[in-house]
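Quick look at what TrEMBL lists:
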type: TRANSMEM; residues: 50-70; note: transmembrane segment
type: DOMAIN; residues: 50-185; note: domain 'EamA'
type: TRANSMEM; residues: 82-101; note: transmembrane segment
type: TRANSMEM; residues: 113-133; note: transmembrane segment
type: TRANSMEM; residues: 145-162; note: transmembrane segment
type: TRANSMEM; residues: 171-189; note: transmembrane segment
type: TRANSMEM; residues: 195-217; note: transmembrane segment
type: DOMAIN; residues: 198-333; note: domain 'EamA'
type: TRANSMEM; residues: 229-248; note: transmembrane segment
type: TRANSMEM; residues: 260-284; note: transmembrane segment
type: TRANSMEM; residues: 291-311; note: transmembrane segment
type: TRANSMEM; residues: 317-338; note: transmembrane segment
Amino acid sequence: MLSFIIKPDCLIDGLIFADFCSRSSFDGLFFLYSKMNSHTTYTASQRQTALMWALIGALCFSSKAILAKLMYREGADGVDVLTLRMIFSVPFFIAIGFWARRTRPYRMTFSDVWQVCVVGLFGYYLASLFDFLGLQYITVGLERLILFLTPSMVLVISKFTLKKHIDIKQWLAMVLAYAGIVLVFWHELDVGGSNIALGSTLIFASALSYAVYLLMSGELVRRLGAMRLVAYAMVVSTVLCVMHYLVLRNWQGLLGKNSVVYGLSLLNAVLCTVTPVVLTMLAVSRLGSSIVSQVSMIGPVATVGMGYIFLGEPITLTQTAGTALVMTGIFLVGKVAAQKPNSAAK
């Protein structure tokens, strides 16, 4: 299954560092994109614009869970939210795929097609399915924090599949991050009941699935380019989501939702899926993945704040402390990973 996992240690470190900010940021893919465009210089004004793109992209990604929760209040469930999101967003990604193919005319082999299908399965179908199902049971703040652990999962998987050495500092940083998760989890378990465990397990499965996707995607990014791979993988995921829906339910169920659900689904597709992908890619091309990742660290904080404003989810001292531990731990994991290629070069 992991036969086409990327192998160079420096690339693993790059993916970990580029994606330490958020599972949904796509920076793990765009790490290579930034390297291929690192020779281009930009003015201060252009870099400031790119910084704004990165900030808007991070905020848009963070809004996904909020919109999903609002749709749940309108009678939709996780499968509905995921399927409608993919249906509304796939036309945009088809267009992006055609554009990316013209700008990077690499002829795909049968092996490439198969790998794109597997990447789409893990990265956007399974990861998104587990995410939206888990969101039915836990707060958006806990969801975002668990997803924030993705880089640590990439690191651990690479240790067992690629025999990659993990620095003691990274182990300690991961202990710090997971301690923060445990703190927030036990706090919500006392408040929210037994379904917190189910929801957290589903979100953890989402993060794990996305970690596998990141490890699988490295060589494909080299050949296809980040945007082309994202576009193709999203199309594959859409097909899988629709098939999943049709196996479970009658297709007419998608036509019986109220206008609020359709409106929020369109927002979810355009505002929280297509727009941040494009903005993040543009920002990474000008600023590099490390800067964009640091900007994207606003994601978990923004999610907690929006959960309080739009959903009425409380912000407690325990949650704040746990959030600080997780963000600090993952930041340190990424920082150590980012320093390794440089130290090797010396």
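Cβ atoms here come from the backbone N, Cα and C positions, even for glycine.
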May I ask for the residues of the chain that lie six or more residues beyond the transmembrane segment (82-101) and have a Cβ under 8 Å from a Cβ within it? 76, 124, 128-129, 132, 224-225, 227-228, 230-232, 234-235, 237-238, 241-242, 244-245, 254, 257, 261-262, 265-266, 268-270, 273-274, 278
Beyond the flanks of the transmembrane segment (171-189) by at least 6 residues, Cβ under 8 Å: 138-139, 141-142, 145-146, 148-149, 152, 155-156, 196-197, 200, 316, 318-319, 321-333, 336
Restricting to the domain 'EamA' (50-185), report the mean pLDDT as a whole number. 93
Residues sitting near the transmembrane segment (50-70): Cβ under 8 Å, six or more positions beyond its termini, same chain? 21-22, 24-25, 42, 78, 81, 132, 135, 140, 143-144, 260, 264, 267-268, 271-273, 275-277, 279-280, 282-287, 291-292, 295-296, 298-300, 302-303, 306-307, 310-311
